[in-house]
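Read through the structure below, which is laid out as structure tokens, and then see the notes.
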Amino acid sequence: AYRPSDQSEANKKLPLSVNCQRFSKRMAAYAAQEDRMGRAGFLRLFSPEGEMEARVRALVAPSDMDDLLLNSSLLIWDPQEGRNTSPAPSWTDYEPIPINPWHVLLCVMGTLMSCENALVIALIAYSPTLRAPMFVLIGSLAFADFLAGLGLILNFIVTYIIDSGLVTLLSTGLIITAFSASVLNILAITVDRYLSLYNALTYHTERTVTFTYATLMLMWLISATLGSLPILGWNCLESENTCSICRPVNKNNAAALAISFLLVFALILQLYLQICKIAFRHAQQIAVQHQFMTTSQLSSTTKGVSTLTTILCTFGCCWIPLAMYSLVADTRSPVVYTYTTALPAICHSIINPMIYAFRNPEILHSLRLVCCGCRPYSLTMRPRTPSDV
């Protein structure tokens, strides 16, 4: 007869590993019997201490019990922690996360953005003639937008594949750094255009090249600092009620980014107004020298002003809605408004190559050389200034 008390005394003399193995076998037998009889039938087996195991042994043959012990996934006794632990579930045990269509759209836009700006970077790096300061700035803008596209792709992977707080903060920091650098690059290009008109005689000097590279270093340093704020603690992973419209960025960080953008936009607007004034002044000076302003000169000046106006309006319409909405909304606001204001800002990085790169004849010439291997005879290879871009 099976006597639990005698068996317990005997178990005390055995090694701990043997007792753990016996306990696991008993739990396997209990689980197997529960699978056979169902939960209700198995609970009826419970009686005074010791009878349950005897009934299980009587209902399950020894050979069957051994097979069940080998093929069952059961609780395992952890002697160090003194509790039951379960083996880690396999990947098939996890339910798939429903995919948000907005996230798919952002990932597609990030892919398009990366490919388009990678082409611009390759063209500038491939052509040895594209080494002027304005092309360096255009290449820096393309690199920033390229990183922004990679950040959107990485954010999609983090959301649905890698569930890690640190990786989420890193992807968010990359996106903030890239888009901040994109906006600051546009400011640097605007400053370069202004200097090319204001200091036309001294623009093509070594001093301008040094100033351009120093500006780029400062600009990327500022962008990296802004992108590192979520990693340094300006995030809402531990306090959801402080989240902004873009989790895990908190409301203070989002407000700082929005105000910084508005200041940059005001500075760009002021520079473009000065550029228009200088352009009209030059046109008037030329008209005084020739006693009249020709139709081509008037058309060229008007076309330049309209181009600058289009660039400025496009930049403002794409970024101002997101900046203003970031100041007044938080994580409790409707998600559709967040994506509606964020998509134009992302689209701006897609159209940047069309505005700043593919409108330049020298970049188009390099593109034709790569695609066709031929040199178009209609291209005028005169020296160009940022005002022509």
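Cβ coordinates come from backbone N, Cα and C, glycine included.
Those TrEMBL annotations? Automatic predictions, nothing curated.
The annotation domain 'G-protein coupled receptors family 1 profile' is assigned in TrEMBL to 116-356. The transmembrane segment annotation in TrEMBL covers 102-126, 135-162, 168-191, 211-234, 254-273, 305-324, 336-358.
Note on the domain 'G-protein coupled receptors family 1 profile' (116-356): mean pLDDT across this stretch is 86. Within its own chain, the transmembrane segment (211-234) is flanked in space by residues 133, 136-137, 140, 144, 169-170, 172-178, 180-181, 184-185, 187-188, 191-192, 248-250, 252-253, 256-257, 260, which lie at least six positions past its ends and keep a Cβ under 8 Å from the stretch. Below 8 angstroms of C-beta separation, residues 183, 186, 257-258, 261-262, 265, 268-269, 272, 275-276, 279-280, 341-342, 344-345, 347-348, 351, 355 of the same chain, each at least six residues beyond the ends of the transmembrane segment (305-324), sit close to that stretch. Counted over residue pairs separated by six or more positions, the transmembrane segment (135-162) shares fewer than 3 Cβ pairs under 8 angstroms with the transmembrane segment (254-273), which leaves the two as not touching. Listed stretches 102-126, 168-191, 336-358 were compared with the transmembrane segment (254-273); the greatest number of C-beta pairs under 8 angstroms is found for 168-191.
Long-range neighbours of the transmembrane segment (168-191) within the same chain, counting only residues 6 or more positions beyond its ends whose Cβ lies under 8 Å from a Cβ of the stretch, are 134, 137-138, 140-141, 143-145, 147-148, 150-152, 154-155, 158, 212, 215-216, 219-220, 222-224, 226-231, 235, 237, 246, 248-249, 257, 260-261, 264, 267-268, 271-272, 275, 315, 319, 345, 348-349, 352, 356, 386, 389.
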